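So the structure is just underneath, and the comments pick up after that.
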Amino acid sequence: MASHASSRIAKVLVANRGEIAVRVIRAARDARLPSVAVYAEPDAEAPHVRLADEAFALGGHTSAESYLDFGKILDAAAKSGANAIHPGYGFLAENADFAQAVIDAGLIWIGPSPQSIRDLGDKVTARHIAARAQAPLVPGTPDPVKNADEVVAFAKEHGVPIAIKAAFGGGGKGMKVARTLEEISELYESAVREATVAFGRGECFVERYLDKPRHVEAQVIADQHGNIVVAGTRDCSLQRRFQKLVEEAPAPFLTDAQRKEIHESAKRICKEAHYYGAGTVEYLVGQDGLISFLEVNTRLQVEHPVTEETTGIDLVLQQFKIANGEKLELIKDPIPCGHAIEFRINGEDAGRNFLPSPGPVSKFHPPTGPGVRLDSGVETGSVIGGQFDSMLAKLIVHGATRQEALARARRALDEFEVEGLATVIPFHRAVVSDPALIGDNNSFSVHTRWIETEWNNTIEPFIDNQPLDEEDTRPQQTVIVEVDGRRLEVSLPADLALANPAGCNPAGVIRKKPKPRKRGGHTGAATSGDAVTAPMQGTVVKVAVAEGQTVMTGDLVVVLEAMKMENPVTAHKDGIITGLAVEAGTAITQGTVLAEIK
């Protein structure tokens, strides 16, 4: 169970970072609950750390060294006196072993039961549950595949395209679509690598892929007493690399029969899985109207605000109540009021095919006004590294109708100013005026691969030539110190605070406004003359060539990873590989020469 009969949530530790940590901390404050933040070293100055009532350092620079470390998080809970843990989304939110460890430590787990997470998190088991619940399904492998040969065999039997998908995770990570038999081997290996990095397990299964489908989902809320409601639908069809960029609620252009099938099958699936908590049942809707079950996300979704804005339901507060063992106050599915659209503000360069773009945020000026909400994990002065997800914030707009929401979105996006690094705001500004998204009274034409296959990308690559800031000359400096892992802030005279030549004292680090990084005027093309260069900052996860190897134009040279996304770098001409300068695990910066082709 998520809670013990004799206990209620008294103090919440949020085992996450960024905007979702801020969201949960604010909900805790609304519920008059003290909150505890945890943070990796790169996040020591993050907003969620300051907003919480207490903050504890996890140490480490990567997810594995911090937010994925069971022991460090449970230790922080013990030190802080927190009796409940909210996992947010991503990281450990869908890790059944962590949920069980929290419960075994005598703490309240704000989420579904470990068994439900295990059953629905395993996408193969989830398909079996969906089948028992008589949910609509496309053909797929009954169990995870052992190798690429099994994937090829499935494709030969059922045809392409096929989807190779991580069995233990979601969010588009560890998912690849093969449209030819020849590319299956490479895509299978890439899916396994991504799944291993993101979820700690690399098993994958395969299913038929519906071409040009819509992505529609149902927001479920279920208590521990068997009561289940669907708080509405969402459309999340605007994606790149199978990761969502724009979401809206309620899902537009569904027939009454389709909406009924989604609501009812979502409830049947959750009942079959003995599910409680907030969760999302996802579907694909084909061009012909065919509905197919996709997966269940056993957590709060990134896009939950659009449901909140159209129902008036605070989904995080609902999670708190369910974990306390309370019954749902809702007795039937709410009727949505108005229309809401969410835009993920990612640190990616839309002008360069959405390449990850780590860097400093020298200016962050979000919009305000009627119908505008912002969920953010950054601010002016934040530094966005390549270790974590690329999302900086979420802009949510609400209107009485879909047309009004789109109009407010255009205004809000025009007001949104972010400087210092590339973001997807230029894409959002373009797409809200695109006829494919606007549609007519009956339909629109966007689908899950619309961005890659149909959108006319005329966005210029990001170039930032801002000068560096002058040195900070404030008379006071705030020093961050850690005492037994607990974060404290002390204000000291600047000359005393800067007495240490390294800019910090042995106990902590000085809070300074990060200087905007001056970027060159090049567009980050992966090639120049003979050189094959890195189009972005990241880590080499695969080297596909050897010194002296002959390659053809388009052949894979290396695979880079940044912000949890893999990006292939290919040969720009025919020739022989010389001067191969990297290996798997090498950290590189944008423009690094990886090899030459002579």
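In case you wondered, yes, glycine gets a Cβ from its N, Cα and C as well.
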Residues flagged as region 'Disordered' in Swiss-Prot, choosing from 350-375, 506-531: 506-531
Average pLDDT across the domain 'Biotinyl-binding' (522-598), rounded to a whole number: 83
Pairwise CA distance, ALA195 (ATP binding site) versus ASN297 (Mn(2+) 2 binding site), rounded so that it is a whole Å: 16
Using Cα positions only, nearest of the binding-site residues to ALA155 (ATP binding site) (GLU282, GLU295, ASN297): GLU295
Distance, GLU282 (Mn(2+) 1 binding site) to GLU203 (ATP binding site) (CA atoms, angstrom): 20
Within the domain 'Biotinyl-binding' (522-598), residues counted as helix, strand or coil by DSSP: 0 helix, 37 strand, 40 coil
Binding-site residues listed as ASP211, GLU282, GLU295, least Cβ neighbours within 10 Å: ASP211
